[in-house]
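> So TrEMBL has the following annotated:
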COMPBIAS  249-264  compositional bias 'Polar residues'
REGION    244-299  region 'Disordered'
TRANSMEM  71-92  transmembrane segment
TRANSMEM  104-123  transmembrane segment
TRANSMEM  138-159  transmembrane segment
TRANSMEM  180-203  transmembrane segment
TRANSMEM  215-235  transmembrane segment
TRANSMEM  325-347  transmembrane segment
TRANSMEM  367-387  transmembrane segment
TRANSMEM  399-418  transmembrane segment
TRANSMEM  424-446  transmembrane segment
TRANSMEM  475-497  transmembrane segment
TRANSMEM  503-525  transmembrane segment
Amino acid sequence: MSGSNGPTDTHTYQSLAEDCPFGSVEQPKRSTGRLVMHSMAMFGREFCYAVEAAYVTPVLLSVGLPKSLYSMVWLLSPILGFLLQPVVGSASDHCRARWGRRRPYILTLAIMMLLGMALYLNGDAVVSALVANPRQKLIWAISITMVGVVLFDFSADFIDGPIKAYLFDVCSHQDKEKGLHYHALFTGFGGALGYILGAIDWVHLDLGRLLGTEFQVMFFFSALVLILCFITHLCSIPEAPLRDGATDPPSQQDPQGSSLSANGTHEYGSIEKVKNGGADTEQPVQEWKNKKPSGQSQRTMSMKSLLRALVNMPSHYRCLCVSHLIGWTAFLSNMLFFTDFMGQIVYHGDPYGAHNSTEFLIYERGVEVGCWGLCINSVFSSVYSYFQKAMVSYIGLKGLYFMGYLLFGLGTGFIGLFPNVYSTLVLCSMFGVMSSTLYTVPFNLIAEYHREEEKEGQEAPGGPDNQGRGKGVDCAALTCMVQLAQILVGGGLGFLVNMAGSVVVVVITASAVALIGCCFVALFVRYVD
């Protein structure tokens, strides 16, 4: 990403996916199969997330990580993501690779996820085989495991923005909504399968004996699922490369992606050919030659211009980001401590007791049941995302958004006030409502805002542009709220638990924050009619 130092080195870029000189366009309808293929990335990512949730703490404990370094492991990745995600979002808006704008970044981040898993699941075994000195072995094992956890978290959190921007680039508005629901559906399925496989005792099975340890077994499954899912995703819908609007006329830019349909509309965003029925392209090319690049054309952005674009983004985008931050803060507050809550509060176990004591074994049993509760969350998230498509026509996006926060706030509140095994497991379904809401509704609103801006641009071509923001920047600004929520939760909840002396304060805090979010989404978030 390079800055522009003057008129001599300023280039304007136009994507075949947006801001086309041929005027208003509409994406072709995508088949259900293509949208399902596109959603497989979310399945693979969430499967690997579930494996990390199940195994990363045992891995860190097994390599002897000091307690003083725990906060560094959990906070370093979200801090990096919060600072860098808008930068990468802007860079993907201006990527000129022949393979498209988003897919090169998605491929790179998927490889980083795979490398991170390889390091934190296999690093200790590799170090044990290569290093004999016990002190050096400890240092190397801790270092490699920490790098693996941070690298995986960083890339897994980062990849959501390019995936959403890829969907927005290549789909019509109706298909964007369908695609987001499929994303939530397969996110739940991936998480559920990951938790189920993580709950199996692989050590006493043939595959566990063959591969060595349960860590290697889970790496085998995770790597296989990740590779297959992302290959499917990257082959789902082709992208058109970004074109240089300052040098290349439309007739010379990717003839597969720049053809006209029979009714004169220009297909963009994919490289699929359109039968144009002999449509005349000379007139639009001549019009392009006779005008300067419009304000809708995207410019290469320096860090200064990127920050200016984020600061000056419309107020309704900022309100949506704040509501997303509130939602993820509530959700993560509950999810990151839920198994510990089950072990200590619901089962009355003691995590600090001797490992052969009854209290510690009861605590471990509570953690296992908590994992099944998280599996219920994932399954219900998929089920609810399916019904969202029907519900939105009756209660609208505002109703869905408000209901997701309200049900989660009430559910976690009842869990904290009346801890019971069976009621807690039943109310885990409310976690799924919140999860599905966070994965779909905010991005549906982003798509609505983009469509509204496009209509305004068609009605007033000479009006103000989007100040250099692209879809990648908008999606990145929204998804980096997840990293900020992780920073707030990681830095604040430990202090609250120490002050209260009980982990129940975490669940009550999650409930209170979610109910505050109800008021915010009802009063401040803007909904497009």
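From the backbone N, Cα and C atoms, a Cβ is placed for every residue, glycine too.
Annotations in TrEMBL come from automatic prediction, not curation.
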> Can the transmembrane segment (215-235) be said to touch the transmembrane segment (399-418) if we require at least 3 CB pairs below 8 Å and skip pairs under 6 apart in sequence?
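No, the stretches stay apart by this measure.
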> What stretch in 138-159, 180-203, 325-347, 475-497 has the biggest tally of Cβ pairs under 8 Å against the transmembrane segment (503-525)?
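Ranked by Cβ pairs under 8 Å, first place goes to 325-347.
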> Between the transmembrane segment (71-92) and the transmembrane segment (138-159), are there three or more C-beta pairs closer than 8 Å, counting only pairs 6 or more apart along the chain?
yes
> Excluding the flanking five residues on each side, which residues at least 6 beyond the ends of the transmembrane segment (475-497) place their CB within less than 8 Å of a CB in that stretch?
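Sequence-distant neighbours of the transmembrane segment (475-497): 71, 74-75, 77-79, 81-82, 85-86, 88-90, 157, 160-162, 164-165, 168, 310, 313, 317, 320-321, 324-325, 328-329, 331-333, 336-337, 442-443, 446, 503, 505-506, 509.
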> Can you tell me which of 138-159, 180-203, 325-347, 399-418, 424-446 gets the most C-beta pairs within less than 8 Å of the transmembrane segment (367-387)?
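Most contacts with the transmembrane segment (367-387): 180-203.
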